[in-house]
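Below you'll find the structure, written out as structure tokens, and then a few comments.
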Amino acid sequence: DVPKVPDSRGDSDGPRRGSLCDRHCAAINNVQGDLGDLGCHLHRPRVPPATSTPSCCQQHSEEVCESCVVKTTLTAENAVEANKLSNNYKFGFKKWKSHVTARPWEDRSEIVKELYSDLNVIRGSGGSTLTCGNVLYLLLFGWWLSLLYVLVAAVMFVTVIGAPYGQLCWDLAGYFLWPFGKVIQKVEVPKSHQVCEAGVGESSALLGGPTPLRWRPRCWVGTGYWHHASTAVWLCLGYPVLALAHGLVCVTAWLLIVLIPVAKLSARATSRVLLLPPERVLIRRLRTTEVPLEGEVILCCYRAANPYYYKYAVDGINVFAVNLLPLVLVTLVLGYVDSPNHLTGSAVKFTLALLSIMPLSYYIGMAIASISAQSNFAVGAVVNATFGSITELTFYITALIKGSREGNRCYAEVVKSALTGTLVGCVLFVPGLCMVIGGIRHQEQRFNSRSAGVSSALLFLSVGGELGTAVSPGLGVPPGWVAAPCPVPAGVFAPTLFSKVYGKLVCGECHNVTQNPLGHYLCHNCHFDLMDNNGTLYYSHVQPLVYTVSILLPAAYLVGLFFTLKTHTHIYDIHISDCHMPGHHHSAVVHWSRWRALVILLLSTLCMSACADLATEHISPILTNSTISQYFIGVTVLAMVPELPEIVNGIQFALQNNLSLSIEIGNCIAVQVCMLQIPILVLFTIFYPTNFTLVFSDLHVYASMFSVVLMNYIFMDGKCDYFQGTVLVMVYFILLAVYFFAPSPSGC
């Protein structure tokens, strides 16, 4: 939604500049921001070429503009929006695509302006009205809505006193059968024509021709009795039925999103047309040769469907998030009122609770972005650090509490699977999908490899390692075994490797294959026991290591914040340009004030906790009765559904050729999983003992390490295309297939 700028090359009168500055700007400006172009893209006012004002580079000297070569220039409408754009490039801050302030109307594109129109504008040439969307309206709503108007018209005629409204319903039946290319006007009835005799036709030069005949019985002039009685009959018998029908059409069309014009049509008909006196409603068909109509136009619709309504927002909230908000209320009411599962089963409630997390994640993200954009750096950093991972942590903690109360280790394994799934998905799937979708529009995309290297280094510190030799001095290693080179993770998987080196291998269900006591045995359900000798190994060695790692990882995260936000801020090269886009000299009109955003943030967090509690409450039957591996449920549904708003943001950035932010979205979430979420869960287990231990299965370890190594290899040169994105996505689906066919973890 960027204002279209005329091409300056067609300006024969204005200066044509081919300076080194413009060539540098064109060379580095392949990353487009969400309000315009990032880099040194220069905007010209939308004025005729003869009066075009000089561009940014023409207004400044060559030396000043050459500084654009080493900086990323952001162009924003106001200071609040500029602060939000700057926060997007800061390490540890939530990346947000949508605006937090209202955009000036004159800077909107014609497509977006049409989305917010009130269906009362007559266009000179609307084109053919026979479109797929209009035919869909006829099949879904038009035929039965028209039939309902015919029935109401018959009822009004039967009452005799409501005959004027019966004639109105008869005319509206034809209109709502196919309303496209027709107009409904509110007309003023001249005093000389306010006659209450039957069969009187009216002609008005103001309306450009004869008006439709209105059959009206003789009334009692001067007392208004006939008019009031007719209106009372209409409001009792006709209007409620039609208002209910239009309400159903309005809700259905709004939920379908692309049919929002139909929702506007029904809402306007209910609130305006049906409440007017019949003699003041004029319905006529537009003709291309007809002069513009005089008088107030109430309804004029040309298209029933518009595919661009996915951009529609209500008070800054995307229409998808608006439509999913009632789902949260339904989930909470159904979950806590119908606790015995009389109305629905556990599977339905679990699905509703999981879907409700998506809009709540959106509201939390927008609230964080709004508060950060309107506050100083310290407040923004605190809000992002406090609520940045609240969605995932809420679900994990409620699941661990339920598992601890029931004594079921399966919940802890599901949490580990969800942590690993979030890590792998944000490292492989999110950037890979953004590369593929962005690569369809752009042949090659570049990104800031230095800023991406910070996140990659922290991820490698968290889960990666180097080949080393794990030598056991006799603690738990059978005699004769040879210590072999193995990967030594340096972060969250260090306790896992430690337990495998020093733990005691315990197997169950062993069968002798050769029927020889000294022969080979086939064993199942093997695991490393850490509680041998009254738990000496775990409490004396593994648990201190877990606490040490949980302290060092957040410390490394803080070092990364200090590095990127204080000492080495130049690696982002963010600069707010003084060259404003045309029409952007406006004061900031924020969608959500700081207090409103704070209230929404707290309420969304509270609802998130309730939905997470319902999800964990009703996941037990799914884990018990499902034939799918619990590993697969954790790494897919529980891991990626809460991240859908972030994935959508990444795709939007990639479509605007801003792959740096798309990559940073995935990397930021993955870093927070390893360096914040896991240590917080470990800290939580200190105060509330659960079955969660920082010991992962081999599948989680190898999947995470391989994903991080592959990501570092792909991001090495700072450029990518759709082929590299396809590789990342394919590797992710291969890992999902491995989890799908893997046996369920022990304890489930």
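Along the chain as shown, the residues are counted starting at 1.
Placement of Cβ uses the backbone N, Cα and C atoms for every residue, glycine included.
All TrEMBL annotations are machine predictions without curation.
From a predicted model like this one, the values you see are computed outputs, not experimental measurements.
According to TrEMBL:
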- 132-182: domain 'Inner membrane component' (DOMAIN)
- 348-462: domain 'Sodium/calcium exchanger membrane region' (DOMAIN)
- 597-739: domain 'Sodium/calcium exchanger membrane region' (DOMAIN)
- 135-161: transmembrane segment (TRANSMEM)
- 232-262: transmembrane segment (TRANSMEM)
- 317-337: transmembrane segment (TRANSMEM)
- 343-365: transmembrane segment (TRANSMEM)
- 377-398: transmembrane segment (TRANSMEM)
- 418-440: transmembrane segment (TRANSMEM)
- 452-471: transmembrane segment (TRANSMEM)
- 545-565: transmembrane segment (TRANSMEM)
- 597-616: transmembrane segment (TRANSMEM)
- 669-688: transmembrane segment (TRANSMEM)
- 694-715: transmembrane segment (TRANSMEM)
- 722-742: transmembrane segment (TRANSMEM)
By DSSP, how many residues in the domain 'Sodium/calcium exchanger membrane region' (597-739) are helix, how many strand, and how many coil? 117 helix, 2 strand, 24 coil
Could you tell me whether the transmembrane segment (418-440) and the transmembrane segment (694-715) have 3+ CB pairs under 8 A, leaving out pairs under 6 positions apart? yes
Report the listed stretch (232-262, 317-337, 377-398, 418-440, 545-565) having the maximum count of Cβ pairs within less than 8 Å of the transmembrane segment (343-365). 317-337
Sort out for me which stretch, of 232-262, 377-398, 418-440, 545-565, has the most Cβ pairs below 8 angstroms to the transmembrane segment (317-337). 232-262
Contacting positions for the transmembrane segment (545-565) when only residues 6+ beyond its ends and CB under 8 Å are counted: 90-92, 377, 381, 451, 454, 458, 461-462, 491-492, 494-495, 498, 571-572, 671, 674-676, 678-679, 682-683, 693-694
By Cβ distance under 8 Å, which residues at least 6 away from the ends of the transmembrane segment (377-398) in the same chain are close to it? 87, 92-94, 357, 360-361, 364, 367-368, 371, 415, 418-419, 422, 561, 565, 601, 605, 608-609, 612-613, 615-616, 638, 642, 672-673, 676-677, 680-681, 684
Counting each residue once, how many in the domain 'Inner membrane component' (132-182) are helix, strand and coil under DSSP? 42 helix, 2 strand, 7 coil
